[in-house]
Each structure stands twice: as C-alpha cells, then as structure tokens.
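Q: Attaching a single structure in structure tokens format; questions to follow.
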C-alpha cells in the first residue's frame, strides 16, 4: 500500500454545518477552519441549527 493511497483513503468529505446568527437570524454554512462570524452582519454569536432524524420526529404532535 503506497503512502499516497493511504492518504486518500483516510480523507473524509468536508462536513458543512449550518449555524443561525444570534443577531440577524441569517443562516450561515460553515466548514472547519472558517471564521466563526455571521457573513451578513459580522455578529460572532452563532447557534447550531438542529436537524431532526427520522427516528426523532414525533407523529401527531
């Protein structure tokens, strides 16, 4: 196994995370290494957007 092959096998696709600005409410998509700041207003308090799995959703609520 070559060194280059092992590096490509270990790489995972970049995960994008959606954050909501605490000031203006704009959704921001950030990846690892991005500046943790709203792209519209520059506010630095962002909240991670919750994503519900199918098993977590409740029927009839």
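Cβ atoms here come from the backbone N, Cα and C positions, even for glycine.
When I checked Swiss-Prot for this same protein, it listed these features:
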type	residues	note
BINDING	21, 24, 38, 41	Zn(2+) binding site
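Give me the local environment of each listed feature.
A: DSSP assigns residue 21 (Zn(2+) binding site) to a strand in the three-state reduction. Cβ neighbour count for residue 21 (Zn(2+) binding site) (all protein chains, 10 Å cutoff from its Cβ): 20.
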Q: For the Zn(2+) site (21, 24, 38, 41), what does the 8 A shell look like? I mean other same-chain residues with CB within 8 A of the CB centroid.
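A: Other same-chain residues near the Zn(2+) site: 22, 23, 25, 26, 28, 39, 40, 42, 43.
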Q: Which site among 24, 38, 41 has the most other CB atoms no more than 10 Å from its CB, taking these as binding-site residues?
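A: Answer by Cβ density within 10 Å: 38.
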